[in-house]
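Data first, discussion second: the structure below is written as structure tokens.
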Amino acid sequence: MSSRRSRSRQSGGSRPITDDQINDLVSKLQQLLPEIRERRSDKVSAATVLQETCNYIRSLHREVDDLSERLSGLLESSDTAQAAIIRNLLMQ
Amino acid sequence: MASTLLSNPVTNSDRSRKKKKKKIQAKDQNEQDHIKWKSDSQQQNYSSKLLQALSQVRLGSPPPPPSSADAPRRGRAVREAADTVLAVAAKGRSRWSRAILTNRLKLNFQKKHKKQRVVATVSGPSRSSSKKPKVSVLRLKGKSLPAVQRKVRVLGRLVPGCRKQPLPVILEEATDYIAALEMQVRVMAALAERLSDSGAGSSSAPPS
């Protein structure tokens, strides 16, 4: 048991995971979520924050997928892509 | 006397020393990380690395047969390259970035030895952590609702490398991951804009 506890300390950070810490983390997460920021209510429950987080991450994943498909289509036209890449690197 | 008292807990075990360092660093990093993913230098850094990786992706693949199935395949390759570059940009400070990179290694090499070694180093207490999340979540006062637990599990599956982590770890990783994903989206969108502009033949606008 003690070995498990010590291991949990190693990965958990602090063994007595206080409610305050979790509230802190949840509020930090809340700040990042655009929807909850716009709602501007302090009565958001943890479940809502978690739900919004899951939705937001999923939508970000979808956006990245869409963008990467678009980029792959653009990159397939090799000549313009090469010129564009070289130009971009020079501009940066 | 006071110095020995202070140094004792520090030198007693490596774990507590690392824990203290982690705590101090974690507080600074939590503030730094959000700023880090929004800073211009990080965006420049990421976009240049992304361009390099993307040019490698394009050149690496042989001339494709003219089939429409290529787009999703290429898209996935681009997505993987973008994720890998994002993980590299995180400089290994976050679990999800390490998980992305080690997953790539696993897929590339496909050797059991590396997998075992990597699993041991990255998620050392994973063996015991399968029982840990239940204990840690139940210990939370008022957070032991099954709804919250379920959502935390789902969130843990979404963030790479956090499937068996306790709640505070998942939350922390999620905040960093979201900031990083936002930056990734910004950079890729800007890149797509620039490429489509120059592809259309119009003179490319100066970078904003």
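Positions of Cβ are set from backbone N, Cα and C atoms, glycine also.
Those TrEMBL annotations? Automatic predictions, nothing curated.
According to TrEMBL:
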- B:1-13: compositional bias 'Polar residues' (COMPBIAS)
- B:25-39: compositional bias 'Basic and acidic residues' (COMPBIAS)
- B:40-55: compositional bias 'Polar residues' (COMPBIAS)
- B:40-106: domain 'IBH1-like N-terminal' (DOMAIN)
- B:1-77: region 'Disordered' (REGION)
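If you look at the compositional bias 'Polar residues' (B:40-55), the same-chain residues 6 or more away from its ends with a CB under 8 A from one of its CBs are 78, 81-82, 84-86, 88-89, 183-184, 186-188, 190-191.
Residue counts for the compositional bias 'Polar residues' (B:40-55) by DSSP state, with H, G and I taken as helix and E and B as strand, are 16 helix, 0 strand, 0 coil.
Residues belonging to the domain 'IBH1-like N-terminal' (B:40-106) score a mean pLDDT of 72 in the model.
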